[in-house]
């Protein structure tokens with residue numbers, strides 16, 4: 001049966017006129033004998049149980065519009081209280097929201113009446129029966145009645161429960177009058193019998209929202225306007241709901257048991273005003289969800305703090321699909337909307353924790369909690385879990401919904417525990433670095449090791465092949481490889497001193513800036529000479545220094561001149577290869593022409609090996625022994641062998657001079673580089689200008705090394721003279737050694753072996769020495 005047909009008056013004679021309420025859609029007709037005028041349009045507020053008026057009650061009058069042509073009718077009595085108590089309604093505009101306390105009535109418990117569960121029918125009663133009933137409270141909207149016969153009023157059935165019993169209005173027995181003694185309802189039970197009979201004839205459709213949920217605050221009447229669907233949530237004129245508001249705190253509406261209870265004598269047992277709880281529906285303004293269709297509330301399994309409103313299918317009204325507007329995007333089908341169901345503590349919690357508008361920024365955590373709540377939904381409902389809340393500030397009022405607040409009790413994710421910058425590692429041993437020491441990010445252990453190694457001038461020797469693994473566990477196994485790795489990383493004592501100088505300059509400039517004026521204090525004081533934080537040439541030379549090689553000499557076998565000379569030649573061949581690699585790593589050397597590089601190496605290979613031998617002998621044995629290798633040391637006993645003493649005496653001269661002058665490691669590195677550049681062809685090099693520039697650069701580096709060792713003293717030039725004099729004397733030493741080397745190379749009867757690399761160099765060098773095409777670059781004239 002069509003719900004509209006069941007609610008239509010039977011005939012025109014029986015019902016002169018019926019008016020549909022525009023705002024809340026409650027139909028009320030007033031009989032002509034009582035009204036005395038044409039039908040009036042009355043708007044009803046939210047359904048609530050009206051109380052009985054008292055004589056001294058305040059009467060708030062509201063205007064009622066009448067049709068044209070009714071101005072000639074007689075003055076109508078005041079109908080501001082013309083609402084039946086049994087109808088469970090009170091009259092008033094939606095904007096004014098007149099409550100029972102405003103009309104001066106004793107305030108009764110209010111019961112929200114679902115419009116989908118109430119049907120309005122004519123009561124086929126006579127005016128005489130109506131006159132015996134209680135008078136209708138005066139209508140606050142009627143200011144003056146029009147002349148003419150009274151319009152009959154259409155009565156409404158009380159709210160019924162699922163068992164079909166009518167709901168008993170809250171009446172205390174008072175009778176109100178309409179300016180006279182005319183009573184609208186009798187005090188006996190005849191009225192309720194008629195209601196029950198009419199209610200049985202009423203057939204509600206099976207799909208009616210009233211049958212689906214009996215106490216849902218979102219259920220609405222089938223004949224009301226679509227604009228009234230939000231009436232249980234907020235007022236009609238609420239701009240936040242029209243522009244996309246949501247329910248922030250939705251309390252469950254619990255209706256009391258209002259079945260009529262009758263005593264044996266026929267009197268009604270009415271509950272006291274304090275015994276009936278006041279159901280309230282609290283609405284909070286939100287910014288991104290607009291509920292525009294009735295729904296069913298159900299509790300989610302994920303937690304007691306949330307419930308969801310499910311919607312499915314098409315709405316009956318107008319055949320339109322029910323939808324939820326999320327950020328202005330309308331969705332249809334099954335939708336989910338979450339409400340905060342903490343009815344006990346949410347009100348006080350809201351008042352304390354609700355942030356102010358435009359003061360506290362919105363909390364951007366809505367999507368996380370939303371996704372967590374979507375876990376128990378259907379597959380077609382999970383689309384809302386992927387909403388992007390990044391642009392929410394456009395719609396936000398300055399705060400977020402309590403349902404969207406972060407869950408502080410949730411355990412942190414495993415990924416958050418692993419977040420953070422990775423630890424910095426030492427560039428030497430890969431341990432955790434403690435800071436930047438000597439210009440390199442290192443640990444404290446490598447910092448102390450490097451300082452002691454440099455200041456103690458230790459000459460570490462590797463027991464292996466100079467390729468030991470240096471890590472946190474094995475860094476103490478080989479100090480030679482560890483020290484080499486420190487140099488390769490770029491550690492330099494100059495960096496520490498430079499840092500101290502910078503700190504001192506900054507402190508000095510800070511003191512000066514405090515004494516100057518305000519304008520000069522704002523200027524940045526830059527030192528005249530910026531300290532050089534880049535690695536110096538000496539530090540680079542330390543890094544590229546060749547490793548100590550082993551001869552592989554078997555000391556268990558008796559020594560002989562042939563055996564020792566062969567072992568020295570084989571060791572010399574590997575040292576030449578290492579010298580070639582070292583020369584190519586010298587800054588600026590590879591900029592020379594390739595022929596010039598080969599020529600310089602052919603002229604200087606003996607200089608390099610003898611000077612390095614003298615340094616090792618000076619550091620290891622205080623110039624008393626010749627330390628060719630860790631496993632091949634020439635002592636006095638071996639020097640006494642035939643053809644060995646004279647050659648060893650020339651070599652010991654170099655180590656003794658280094659011992660006498662106490663040459664530092666930086667000075668040794670610069671002198672060794674200058675020996676590479678100490679001999680050139682007589683006709684010059686192809687890159688002569690570049691060669692001269694490179695040589696002058698390392699001469700200056702030698703001067704810096706002297707200053708570093710001696711400080712700013714008058715002995716610097718004297719030491720520079722002594723060191724350069726030693727470099728000049730190296731030509732005589734090398735010349736004697738080359739002559740003996742060429743002799744043994746050419747004399748096949750001695751059967752002394754030469755490695756391939758060394759034999760090739762000697763073969764190319766012999767013609768040049770024989771022709772005298774060699775120019776010695778000396779610092780001092782003889």
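Positions of Cβ are set from backbone N, Cα and C atoms, glycine also.
Under the heading SUMO cross-link, Swiss-Prot lists 282, 298, 708. Swiss-Prot lists 424 with the feature ubiquitin cross-link. The phosphothreonine annotation in Swiss-Prot covers 8 and is backed by similarity to another entry. According to Swiss-Prot, the feature phosphoserine maps to 46, 114, 135, 142, 208, 216, 231, 272, 312, 410, an assignment based on similarity to another entry. Under the heading region 'Disordered', Swiss-Prot lists 1-20, 48-79, 130-184. For 1-425, the entry in Swiss-Prot reads region 'Modulating'. Annotation source Swiss-Prot lists region 'Interaction with CLOCK' at 490-782. The region 'Hinge' annotation in Swiss-Prot covers 492-528. Summarising the annotation, Swiss-Prot assigns region 'Interaction with CRY1' to 537-702.
It is 33 Å from the Cα atom of residue 708 (SUMO cross-link) to that of residue 424 (ubiquitin cross-link). Neighbour density for residue 708 (SUMO cross-link): within 10 A of its CB lie 16 other CB atoms from the protein chains shown. For the region 'Modulating' (1-425), the model gives a mean pLDDT of 46. Around residue 424 (ubiquitin cross-link), the C-beta neighbours below 8 angstroms that are at least 6 residues distant in the chain are 432, 433, 441.
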